[in-house]
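The following features are taken from Swiss-Prot:
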| type | residues | note |
| --- | --- | --- |
| BINDING | 49-50, 127, 173-175, 193, 239-240, 260-264, 270-271, 319, 489 | NAD(+) binding site |
| ACT_SITE | 407 | active site |
């Protein structure tokens, strides 16, 4: 992959570079994904998650930019794995962009075949929000992480993480949310990363409090704050596959244990034991097969240590990076003895159509986001947990790139909020249109048997019709851009998922599209969980009037 040293930053204000606000939104969000404040390796078009890219290569990036600048408001741009391949006449209520990233026929859906295609320039890895142009930096996963640790606290620690120690690893674009999510819940956390730059970035953005290269110092500080029942986050430089076994050897057992290293990609994401970053890069280039094998062996040691901590009483869970599957394939037959975070903590929210709803101020003015914060505090005042989140986010979350906010809203709530935002754009309360989107990790848009759809009640973990239906209904209902991806979060062969974005530009046409899309999108989450037999989803569907023909 050619590296290009250029600083990309989304335009701000109300002057259009394109022929309409929806096209402008797509252009600005593509560029925002590659803003140095947002992207992990913008010079390689990598946004987050190992090699999750916004475009296939620099030539394709420029062609997408040029296409969006000339795209008419009754045309649709098609993007195949980060490359613009067609512009067709459609209609004004159709999506302006349709994206399909990293999709492979199941028999060939593995990293080896993907890498062959990538080497030939035929495919890119889109992760979830990298290739769908709606990544907003670490805040994008922060509330979900906050909710996960909050639910763990409710289930196991009387509602708070005060006086507890969490041990985790991985401080990249996704995992970087963990330190702040734990301290927001009152806890102490040691977060390990092998890359000093990742820790420095989290400290710079106020997601992590301190840095150390010493395990002794990390443990001393952690124990001091744990005894005081005060929160602190400690970024520890090191390899988790070395540090966790060492803690087991010393008989040190944290209260919670999880992991968000880039284990989904053994070649580009995980660093084997005993290698510096430079040595790992050299081996990756010279002998990728050996590199992958060493990575898998290290992951197995990593999971063995997590299991040992679980046996000693630690609340242990997989945070969706497929590390258990790798260890299992390497012969660790009890790798799945600790659960994934969705069945352990998040699924009840999915049953209510809740998920990581986000919005971005195209103006670039933080005041536009602060005004929308006030809408949440006013319109959803009865949801104290949500309002607490908004207040904490305002105080503690630093914007990356265009100002944005995330919060988990459910069926009915998303459409209500979207209507209000569109009205605020229409009457000038907000200085420019707002982009509304979400992660692919949502209630009705993903099939991922080792993550979002793990341990479904009816055994339908691997049924991938649901994300396809989600993308289809969002497209016909007028989402601004819609994406269908493969392999996000957990790697090739293990997930299919869909994304959508809708632009609130203040027009009456946008109001109608918003109503349709922000109803059907979370509605798919309710439907999917009703179909799987979840009572809470059935209650939600009946209460909200979701029309499900065979619901009993």
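Positions of Cβ are set from backbone N, Cα and C atoms, glycine also.
Where Swiss-Prot records a feature, it is marked here on the structure.
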| residue | record | DSSP (3 states) |
| --- | --- | --- |
| 49 | NAD(+) binding site | coil |
| 173 | NAD(+) binding site | coil |
| 193 | NAD(+) binding site | strand |
| 260 | NAD(+) binding site | coil |
| 271 | NAD(+) binding site | coil |
| 407 | active site | strand |
Cα-nearest neighbour of residue 407 (active site) within the listed binding-site residues, 49, 173, 260, 263, 271: 173
Residue 49 (NAD(+) binding site): tally of other CB atoms within 10 A of its CB: 28
Those residues of the chain, 6+ apart, with a Cβ under 8 Å from that of residue 263 (NAD(+) binding site): 269, 270, 299, 302, 321, 322, 323, 326
